[in-house]
Amino acid sequence: MDRPNISSDIDEKQGNTASPVSTPGLNSSGEQGINKPAGSKSRWRSFSRDPFSPHVSEDLSNEPQNPVDQKSEGPEDARRPELKHPGSKWIHLFYDLAWTASFASLAQNGTFIEPMVAIKPPRFISSTQNMMGRKSYHIYRSLPRYCGSGPLSIYFYTNDWFHFISIFLQLFIFGMLAATTNGYDITAYISHSPGLDELVPEPELSQLPEEVQLEHYSAERTDLLSARTMALAFAITRFLHLVQYLRACVYARWGKVQPHESWAHYVHNIIHPEMYAIVIGLIFSNMIFFAVVGIVFSDVGATVLGASLKVGLWVGGFLLEVVSHMWYPVMQKLKGLDGKKGNIQLPKPQSLSEYFDTITTIILGEGINGFAGTLASILTAPSVGRAIAVNVISTAFIIWFIAYIYFEGPHSGSGSKDSTPSGEGLRRMVWMVIYLPLLASIFLLLVGIKNQFLLTAFISTVLSSASELGGILSRAQFPLNITDPVRWQKNTTLKNFMFARGIIWSEEYDKLMEAYRNSTNSTEWKTFHGDDGIPENVQTLVDDYYNADSAILYRDRQVKDPQSSMYSKILTELMDGGLGNARYILVFAAVILLSLGLQSLVHSKIKENDRYQLTVIICRLIMGTVLSLLLLLNLGKYKYFFARTSELSRRIGVFQWLEAFWVLPTIAIAYGIQFLIEVSLTRFMDPTKGNKQETQTRNKSEHGSEDDSEKGKGKTSDVEAVMPTAILSHSYSSEPDKGASYFDESA
């Protein structure tokens, strides 16, 4: 293969004023070779490329390159090498598809059985948010920043088989996570045994009924497989990331120091302090995550101690990496060295915010998909009331308002030209860390809204079905002639009523009272949640109630205290997860606004005259605080949903709020108020008004300059005629580049 003439290009990039004259390469016959035509590109992918050296076959071709970031931040930008080979887009597209599949699995299977289950989505988002940086160094550029000083401060990603294989392995890891999130309970062996409601010692398991033992055996196998797969996935991705960093360090040493120089001297003088802080953090986090692998693959993992260590080490490992990334920016901030001269930084990562926008869009999209499947079963259910229509409208507005506030707010989403904080310091790191509670809260809020759909539909359907059935039986003069099978089995109205609820009336005739009760709980619940939606302990209560004789059912109907009623116990157990979700759903709604407000606050220094941005931030923080204060509705004397008539008004406020079907409308109203505030502020405190006036003034001055130029006959050059006033005020030591853009695009 002929070698193009690259000597002068390399010397020019390295700042040499003179370069030796090079000749074209010679072929095997000793004849002068012919260079490749302009625009040709080699399709060969090396196994590993040096990220600190230019690439001969592709980088120096005459084909126009599209570097990731083309903005100039200052005089030092000319010394920054460009990442010219971000790799094939389809590779990253497949990676994003795996990321989407993981969230789809969470969105379709996320439920609130108990408060501790809410740990799983934030833990998954935290791990995948960290793993996202392992996709390629140019995507999550907050992580691998430096490996040296001066011209060596470049991106470490190269389009080679090393990174190609790394991306494939991480794609496989995401697939494993998507598969293992289905049905995995992180609280197993901590708060309860797998498949059971409480912790049961191993010797006592054999004394349980065989049906319960079978359920425990199946759940234990699922939890064991999921825990082992997730432990391996987390450990492998940490190891891959460590290898990628060590590879960059090794390449930084090759050819950069003398052979006799020690590694200690190399680490001290060549590697940037932040670089080895991250590497040290990865080394210890690898130890932690592989320790978890050892725990889950041993018998200790099936004990309370082992399960607690597993969760604690996972959390500690991820926190250790966060600390290792934040250590250097924090130290620089404390020393007052952040942003000083000589601190060569990477080009501003424009795509970082775009990828966070993609994640947010994925979460919102998967939330919509979850609603679509749930809504289909709800709308086909019998006796659906107006509360469902109100919830559907409220949910649509909530999603719309979240999207608008995120994407259209100040320094939020891709709607802002400067959506990623500049620099590599502490502010940008904190800005990214806030994404964890933001994304987790968005996801948990959408899962909570889905559960509210189910709970509201269940409660409204139970009440309306009971009322409708009572009317049908009253018109049929129940219980007169109840022993007449012809009259009752051929009752078309009653038959259709039971059909709508999945009951065959002819088979249930002999158990009329039992069917009367079960038509308003078990079958309605299965309509919304499926055949596997009823927990085992609740199904046992339903079966006992279904098989009870008439005397027991009659006494149960006469009980005035709902806490002593079998029927109320069944309903309470069925709605337990939804009731707990209603008590804490406001936390997620509040954290979203608080996170967005803090992100905007951390993003950039608030200018004294930027009243719009300051007002929006204050309004977001206030609205988030107001939603948080609604948690006071959890205060009350009675903490159970079904109570005596005299106790209904003294229940905790959230149950009365839920019974009135005002959970989702309240959240929608709060977000709607915030939406109207931001729209109004945009209208009356438009931050671009001053810029528009300056632009009009500048245009007038430009037209005047053009007229003067024509009258002066050459006194002003054509380039100066189209340059803004601010640019004309500067002096240039050389002729301006004809292809350069002299207008500030961010204005």
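Numbers run from 1 along the shown chain.
Even glycines carry a Cβ here, placed using N, Cα and C.
Because TrEMBL annotations are produced automatically, they should be read as predictions rather than curated entries.
The annotation compositional bias 'Polar residues' is assigned in TrEMBL to 15-32. The compositional bias 'Basic and acidic residues' feature in TrEMBL is assigned to 70-84, 689-718. Taken from TrEMBL, the feature region 'Disordered' covers 1-84, 688-747. Positions annotated as transmembrane segment by TrEMBL: 161-179, 275-297, 309-328, 387-407, 428-447, 584-602, 614-633, 654-677.
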TODO: May I ask whether the transmembrane segment (275-297) has at least three C-beta pairs under 8 Å with the transmembrane segment (387-407), counting pairs 6 or more apart in sequence?
DONE: no
- [ ] Counting only CB pairs under 8 A, let me know which of 275-297, 614-633, 654-677 has the most with the transmembrane segment (584-602).
- [x] 614-633
Task: Outside the transmembrane segment (614-633), six or more residues from its ends: residues with CB under 8 Å to it - done: 405, 409-410, 584, 586-587, 589-594, 596-598, 600-601, 606, 652-654, 657, 666-667, 670, 673-674, 677-678, 681, 685
